């Protein structure tokens, strides 16, 4: 085999940024490798209440032979249980009937106080956690409101252990806020006794800033009105309040089906929130020294009173406003408005995370947040492609132009002076190696700025230590994290709750699909039988070639080719994903399709993506895991997965998101997008596939199993149909190197080796390899013409 040939384009254009990229990649990898070793400092920023778990309450519960728990002794059924929508189990799990007349109210309430576990069509499951209750308090819900409304919604009595758990987790959360007001930092609370308790602590006493002798608490009111409208104004006479649902007040027979105590109390909570938003809340506060902010935050967490960060951006006169507004064409959908109301509920900007499905308009939410704050904005992305896409999103939805938006990547460094929005990547900010002079100047300017808002795209990918490094480099008043999948296969996702802020809002995928905001997707798992020769080798080999054998299965290749051909005839746009680069190249080259993977240059990526979007002759592209996140391809409506990263639930959801964008002008069918996973039968790939599907199944999606593709056997145009062709493919797979058998490693992943790094590589080859005959190329080295030389120098060189 030997190393692949290097094209003239790679040799000429690739060297320009090669050293710079390698240095950045090594720095990125080092940061993430450091994150794997968790030390004591990792848990310093987490309150003790966050470690509490409601599931410990049911350790003594009796179970039957099938493992079902008997909760009858703790949950007494109420007489009117048929009119109430949910059960609250002693282990903190909550079950909601989605067909209940008060489903909408109960759903909004549960999203605020709990984490969704599983949301199929009829019964939804949620889970009360310490973090979810922390998030509930942060958006204004009080302990007694949570307890009282749960009691009114529940079909049974609430177990005492759950009530105690809620009180423990919400007792001290949300009582104290850190506010930047008139360019000064204040610790603010509506509860004077809480501030008195804080000031008894010697560490916080030293951080207090006293302007005059005998100064007591500063009295004040929360005088900022809630921002309830974003984007396009409503027509005269219209209201932005949701209209009451007649079905919520009446049953099928026209009689009142909903107990009055539910609707009355919900209206009471709404009224209380409105009153708070109308700025009549009395507060007390004291000023603290700016240089002591980090010390105060850490100490408040230790004494179980974590500070909620809020930015009073309308009273910030130190940082100039930037001239940016939403365009009239930017109309927000209801769920986008709801998520932003959670962020700007009391006229200030709360830091936190918003979770929306891929294709549901996360970028527009980020752009709207920046237009609302109207201060300098910093947007952090995963890749250079997403930097370009964010720039286009700002130009599409807002009045920002090229002069206001600055890109800062290894290949595009715009001049930052005078710009109001900087878009860059995480690796550019956290890079520790030597930079170019131009990059050094931009970094110095970036660090000197006081950013009003920092938007973190795909926030779930940020390891804790790496994000902490971003926080130490960048000064920002408000942090907004955006993601579609707030989950990781490790437990580090919980760190985001206190590094950024609580989860502010999470949308329901199936509801958005029913309303047409995202595509209606048919998910299918295609079973591909292993050919006898491939399966024999699969059973006998004990090396990493097992994975390559089931990915390169001839039956899988033929299924992929058949599906591509079928959907191209329909006029569909298809993306084929493969984590394994050896398979990616082989499939793409054999089918004569363009492909994108790690080493593909930025310009080539953009060219391929533009052709895919606008060229009717390019209907299929092959991509590696580089396209898992931040690739905006609204035209794609078919996705075929031939190789994946083990049992990663997050990757499955992110890939589905590539085709989730609502389809304009689609044929009126039951489904307008298709997601295929090709799986080799009787291999470990089937086990991985089951694990990967868990998250999407919990969102309400179902997978159709296809064991036979009708018409594939009679199609003579498909490759690898004969035993001879399959034998040649098997020899190609067996002669592949160990490196070819591995999945692609991207910067930031364990085991990533930057291109050009040293180290021995094991390869399989013939005798010609030993003589250096593999992939030999002729190359001329020409000396640069240095022009005329002075006679004096000629004399010395002679």
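Glycine too: its Cβ is placed from the backbone N, Cα and C atoms.
For 360, 361, 362, 363, 364, 365, 366, 367, the entry in Swiss-Prot reads ATP binding site. Per Swiss-Prot, the feature compositional bias 'Basic and acidic residues' maps to 10-25. According to Swiss-Prot, the compositional bias 'Acidic residues' annotation covers 33-42. Positions annotated as domain 'Helicase ATP-binding' by Swiss-Prot: 343-504. Taken from Swiss-Prot, the feature domain 'Helicase C-terminal' applies to 558-713, supported by sequence analysis. Taken from Swiss-Prot, the feature region 'Disordered' applies to 1-62, 235-254, 746-765. According to Swiss-Prot, the feature motif 'Nuclear localization signal' maps to 6-22, an assignment based on sequence analysis. Look at Swiss-Prot and you will find 457-460 tagged as motif 'DEVH box'.
A map of Swiss-Prot features onto the structure.
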residue : record           : Cβ neighbours (10 Å)
360     : ATP binding site : 25
361     : ATP binding site : 23
362     : ATP binding site : 23
363     : ATP binding site : 23
364     : ATP binding site : 23
365     : ATP binding site : 25
366     : ATP binding site : 24
367     : ATP binding site : 28
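Across the motif 'DEVH box' (457-460), the model assigns an average pLDDT of 86. Those residues of the chain, other than 360, 361, 362, 363, 364, 365, 366, 367, with a C-beta within 8 angstroms of the mean position of the ATP site C-beta atoms are 336, 356, 368, 393, 482. As a summary of secondary structure, the motif 'DEVH box' (457-460) carries 2 helix, 1 strand, 1 coil according to DSSP. Reduced to three states, the DSSP call for residue 367 (ATP binding site) is helix.
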